[in-house]
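*Asks:* This is the feature table in TrEMBL:
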DOMAIN    1-125  domain 'CMP/dCMP-type deaminase'
BINDING   40, 41, 42, 43, 44, 45, 46  substrate binding site
ACT_SITE  53  active site, proton donor
BINDING   84, 87  Zn(2+) binding site
Ligand code: THU
Ligand code: ZN
């Protein structure tokens, strides 16, 4: 898990955050062990900023990955930032409830499952 947190920290260096100055990095490990990362990319209209987790999911999915086994999230503040509601739903599209979500607190970390962060999720099956 250290490696995943390190990847989430590192990608923050490429965040585009002229408005909030709050960098976020996410690192998503696929079932076959590769790691895809994303950072937040803000926009002058304020509302359509890309979140780090969304970018990481997009990077992985566009390379053909659909199965994931862990996510690490880190902010420059090392404040244990968790994925926002929108990102939780984006993750739930591809990940099971038991996906570990590791949130960086500097020397410490808190680990949740996706199911803890987003219980009773709407899923594809419900739309059948
Ligand atoms: N942010 C993320 O990248 N992921 C989240 O789920 C929480 C929020 C970003 C968006 C914005 O660039 C900054 O953090 C402050 O909200
Ligand atoms: Zn988000």
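Placement of Cβ uses the backbone N, Cα and C atoms for every residue, glycine included.
Please treat TrEMBL annotations as automatic predictions, because they have not gone through curation.
Could you tell me the structural context for the features on the list?
*Replies:* For residue 40 (substrate binding site), the same-chain residues lying six or more positions away in sequence with a CB closer than 8 A to its CB are 15, 16, 17, 22, 23, 24, 49, 50, 51, 52, 55.
DSSP assigns residue 53 (active site, proton donor) to a helix in the three-state reduction. All protein chains shown were included, and the count of other CB atoms within 10 Å of the CB of residue 53 (active site, proton donor) stands at 27.
Under DSSP, residue 84 (Zn(2+) binding site) is assigned to coil, being neither helix nor strand in the three-state scheme. Packing around residue 84 (Zn(2+) binding site) is summarised by its Cβ count: 14 other Cβ atoms lie within 10 angstroms of its Cβ, all protein chains included.
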*Asks:* I'd like to verify something. Among the binding-site residues 42, 43, 46, 84, which ones have a C-beta closer than 6 angstroms to some atom of ligand 1?
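*Replies:* From 42, 43, 46, 84, counting a Cβ under 6 Å from ligand 1 as near, the near ones are 42, 84.
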*Asks:* Of 41, 43, 44, 46, which is closest to residue 87 (Zn(2+) binding site) if I measure between C-alpha atoms? They're all binding-site residues.
*Replies:* 41
*Asks:* Return the members of 40, 41, 44, 46, 84, 87 (the binding-site residues) with CB less than 6 angstroms from at least one atom of ligand 2, or none.
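*Replies:* The binding-site residues passing the 6 Å Cβ test are 84, 87.
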*Asks:* On the three-state reduction of DSSP, what should I expect for residue 41 (substrate binding site)?
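*Replies:* Residue 41 (substrate binding site) sits in a strand per DSSP.
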*Asks:* Other residues with Cβ within 8 Å of the Cβ centroid of 40, 41, 42, 43, 44, 45, 46 at the substrate site?
*Replies:* 16, 19, 47, 48, 49, 50
